[in-house]
């Protein structure tokens, strides 16, 4: 960059003859050589030979040639005029362009010898708009867009090169999506062969070369011809193509999500433009024709897929993803020639049969609804896990088989022998290969279900299936033979040889299936030479190549992980498992029998236990891998961070003292500067700006600022010199001298200092840097907090106002703010005080005068003061104002850098600061744009509008894009517009609104998906420049980070573009590197300091957003995750936008952008040296809602086709990186939860053995002692249990490792240990267990039922107390029920086999039940606890006489609708709002999860119970346990049914008479509930008695009873229930007996029957919930009785000293009296209930010997 291009006098005239752009005339002349590009109607690149076109259009060719020449005359003349006007302005040195700085696009100006002047570009746009009917505003917008883009490029290269590279990026270059599509869809053949043959299948055949010589057709020569054609195009034509592309793109609305569809539209438009009929049109096409005829039909098709019109409103259709033809399906139609051949017009002619030039006008006649079809079925099922990740299953299950089969010979030894024959051992082990093959076969069969067989991809699946069956015969067949011949007398060696061969074939098969991606196997649709599959390769598998070192690293990492894993698993899991197997394999239990089953079941109890142990072992086998993955990824990450130079182990002192040098070297573009300015002078300006910005944000006090700034001082010789701050010179490493300890300022400065130690890309000078845009989607997030929100409590539970809360969190900043305000107030107050009489006694009362400042930050309520407080608070909460003011630091940074690096500007405007400021503004505005997409702006209420207006006034350069609706003509849909305004738009007097800069009509309502991505998409046409930064409305940015913007943009590797043309013969070689699509950066969670939950969330982000991406990005596995990421705008917008938008499916829209980028050939980088702030909600509920959203989103991702493509096409090492980096984490969570459940069942089974059988005693040396009869040698089994527990414990524990190491690296050992200790003291492991359950639950329920359903817990701060009933209703389904069931199992296990290791399980299973309450602020405050109890009782009984928002009934219904779905009827009823619109689950998934699964569980438990009861008591065979269990389990259900029937008739007859008594229904309901509860308890007592008060048997019985009842309820709901109404009328009808007048219509007759079934289930559920609630309350009671527990608990949660904690709420005397009375009453009630429940269990156990009933019936049950 020694001589800046374009500033010195031009070295050569780019239009002089002899250079590559010689004579633009030549292209259109008729005598052009060889490949004649004669007439204009060729495709954008006619790769045909000349004959065909000339033959077609003979008459016009002369004409067109003539008008071409005219055209060119005008064109070249204007170029010359522009050239001649370039007078010699160059003498004044490099800043001569300042006088002309009024030019909007300085780098594209006449002096720079541009190929096409701005005026001509404008003419091109006008011409296109008239030819195609584009909207005027859209055209103006795109003209500005293109000019800014060219200006941005031309500022760092020659204008010629700028235009060339833009054209290469959009249309013709090696990485242009259009070019890739053109060849993938084989349009070069279409343009060559045309309509002479039937283009569908014949065209495919013709590829094989049977029409012409293969030379003309082969792909390489086609690509060369394309390049030559591109090279020979004139600059004018290139610009026209880019302009046409942009105009098509700008108005496409939702069609922008389908990039290849856009390519097709553009190609048709381009062909049409060249045709004579287009050129000869005189009258312009009216505005909006393009929108109406081309875009709107496709848009309507998209909209009608998901919505239908009901009474004039659009209503979501109840369809799941596999019934909706989504954006991806529409898009994939355009990938293949067969797809294009399907496009038909209304009169059934195919579009493809029309000559290319005439296709565009026919667009309005296409029958789109007959064209599209599904190309991939996103069915909800777990089969996706099998298809996408089959290699993971193979690597685990097959290897597990090899290991285990080898280690459990006793299982397949022949009868009477202990060890099987050698052949048998080889062969049994070899079956692992058959297992692998079976997995492949199932995956292939499942794949058939997800891919339409009509398409051209079923063939390779069939081939694969046949091949797999053959392999299965090879790997499994020999075993059959060996089993048959095994054990014969005279055996030859043949079986042994067969076994060995089979084993090696199996190993090879397993390796092959484990390594080769299934998409690449046989009939590979990707790498084959046939162009048939080229599209799949181009759009789903063109992964960016890794550098050699990265690829080596990737392979190394996975070899290490799997190496360690296979070795460790073998010794720790498998070989240790062989001794229990040897003992248990053949053990039969003797002397047991059952009345019905005889000894069939009970004698096999030991093998049953063994089977469950095998399953357990396999789950652990899976978990091991994840453990090793974390260990090695952390190791790699740590070493990588040393390699990048990021570590704590350089002392801070040194980091700080070297900072000035680093700022000079790395942040300033100083290569160009003259040396006469000292580095110190430049650095001081930058540094002082950073410090002052922190002072303005109240992070630093004046005292600190003095010690941090550079000061001017008088030197010894009288000259002024700069004195460096003591921070750089006397830094002892004691940071408290310079900034508040542990404050925000310290964090920011230390991050800034350490980030400069890494290698940064070189910056360019400011005027040469690329232009970029920050885009923020905003829906209804707070813009600025109102005074009311800040100083008023939200509700009773909050206890504290927002302002007090923020003051607690940021005490130092509040202090600085108050000092500042007082100074301001005094300044404004002084003038009035000088009338002499004023304040004499000032000193006396000024302390009390200052109180208001310290309390609320202002003393007079004048708006300017209250506004300051509002801003202070808004900058510390999650508001849009915080985001905007943070991002506007870019503009400050650019001005600062421009001023520092160009001192001559400052000299030029020495006296005139206004003009200097204007010049700096101009530069900032040219290089940085900021757009907020405020979707709802037109619908804002008064307050929101005022706040938005405040933003625009504060930051006039802020642009707001919003949607405006205009009623259409009567009866038609309203028209919607995308509108852009900014702070400079003037205000329209008539409406009071600002006049729009651009107003672009959309095809219809753009919000078809989940909102965010649609919001981004509608505003994307207003971005400018080359790069985009997508920011959420809860982020923040800092000045010192913004100074690194040029370095970050340097990561895109576009600073030093080669000066060759990308189309030239040799130049194109320099453009082959994969483009960088996304540069990810770090996020800092600014809400980190709020206690343990905040810290966990922040820690997750730290590891998830920093540590793993560091390694993943290096080995090519990072996907776009989170939001401070910078995007390569052209790359992303030409490939379907910055995020995907199908409703539901693309819930985590940003990850999909990353997957698209990777599979279409973009690289994703991660930069460590830059960070943005980000807010997270930190209440317990909100964290879990966020996790539920993540889990649900993950479930949706599993369904998506991107996962399918990545999973079946990535090479193994990159596949594993992708798997463990993204879905593997969640699948691991599911596995962890399953491991706990499986382990509980294992314990249960082993417990029954231990309880009922005599276990052999073993001597010290491990031999069985003599003299024991009928004993069972089960000791090894108990050792195995201990080993399992350790294993599970490690898996949980390892989750803390990454965070610990991250802290270790960034902050040193001490801090890391302290943080870890704090976590453990604050019980964060409990939270981890719980959140794991939430994750796995949300994924599984999403894969089964779809639709995220959860009861929101509300936002609020982390200090709000949430009541028991809300927490219970939110978490019962996901985790409390499961926790309680496992507690019972664990209770049995502890009674049967107690080992101290079980304590760990008690903790983790308890945490599933109590975590929500444990992390609820002030949970253990006694008064609140009792008030909660009252609330719980009321919640349980509410909602029966009138609709209540929160009631047990509502909760029960909501959780039921997941299975039943809703009725379609539209009824405007208030209670309907409680339920979202969610489709009903598919019956297959319901059948499995709600019928089969519960029955299986119930069976498992019943078998265990029957085993325990199958031993004779006192020599008598016991009665059948089955009968007993059936009576106790079904009894309550029958009892409930009887009660309900009786009450139904009572209420039917009494109800109408009792209409005046409003409470009648409630009383009926209360009666029913009471009887149900009594029934349940009575049956339990009866059972307790039948078991003769034996605790362990009773627990086991209860376990099986609960399992049966659960199965019954689930089956009743799933099988017998029709859809729900959206209101709860039927419930109230049932209790009040009033069925008429409820809007039920005809169903008033069928509803009672349905309601009867519902009520039976509800009664059981109600009584169990009632008991569960009480059990939870009992568990939570002991802590409430500890003195000062509230203080302790708050210290634990918020990490605040008791003195700093938030005050208890203030109640009025009346409230206090009320509360006291409530507490008194309900404490007594609570004690009575608890005592009653306890007595029922405890008393019989104590008095068991005295209670004797003689009951003959009982003896037989």
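Just so you know, the numbers here start at 1 and follow the chain as drawn.
The backbone N, Cα and C atoms fix where each Cβ goes, and this holds for glycine too.
Note that the coordinates shown come from a computational prediction; the quantities given were computed from them, not determined experimentally.
TrEMBL lists transmembrane segment for one of the ranges 1562-1586, 1587-1611, 1612-1636, namely 1562-1586.
Your range for transmembrane segment, going by TrEMBL and the list 1354-1384, 1385-1415, 1416-1446, is 1385-1415. Given the ranges 1470-1490, 1491-1511, the record in TrEMBL names 1491-1511 as transmembrane segment. Among residues of the same chain six or more beyond the transmembrane segment (465-484), those with a C-beta under 8 A of the stretch's C-beta atoms are 423-424, 427-428, 430-431, 433-434, 436-438, 440-441, 444-445, 495, 498-499, 501-502, 505-506, 509, 521-522. Residues 1502, 1505, 1509, 1560-1561, 1564, 1567-1568, 1571-1572, 1575-1576, 1579-1580, 1582-1583, 1586, 1597, 1600-1601, 1604-1605, 1608, 1630-1633, 1648, 1652, 1655-1656, 1659-1660, 1663, 1756-1757 of the same chain lie 6+ residues outside the transmembrane segment (1523-1550) yet bring a C-beta within less than 8 angstroms of a C-beta in it.
Among residues of the same chain six or more beyond the transmembrane segment (1666-1685), those with a C-beta under 8 A of the stretch's C-beta atoms are 1364, 1368, 1372, 1376-1377, 1380, 1406, 1409-1410, 1413, 1419-1422, 1425, 1429, 1432, 1436, 1569, 1573, 1576, 1726, 1729-1730, 1733. Counting Cβ pairs closer than 8 Å to the transmembrane segment (555-576), the top stretch among 382-403, 496-516, 627-652, 1280-1301, 1719-1743 is 627-652. On the 0 to 100 pLDDT scale, the model's mean across the domain '1,3-beta-glucan synthase component FKS1-like' (236-348) is 89. Ranked by the number of CB pairs under 8 Å to the transmembrane segment (1280-1301), the listed stretches 496-516, 627-652, 1562-1586 are led by 627-652. In terms of DSSP secondary structure, the domain '1,3-beta-glucan synthase component FKS1-like' (236-348) contains 73 helix, 10 strand, 30 coil. Below 8 angstroms of C-beta separation, residues 429, 431-433, 435-436, 439-440, 442-443, 446-447, 449-450, 507, 510, 513-515, 517-518, 562, 566, 569-570, 573-574, 617-618, 621-622, 625, 1198-1199, 1203-1204, 1206-1208, 1212, 1215-1216, 1219, 1223-1224, 1227, 1343 of the same chain, each at least six residues beyond the ends of the transmembrane segment (382-403), sit close to that stretch.
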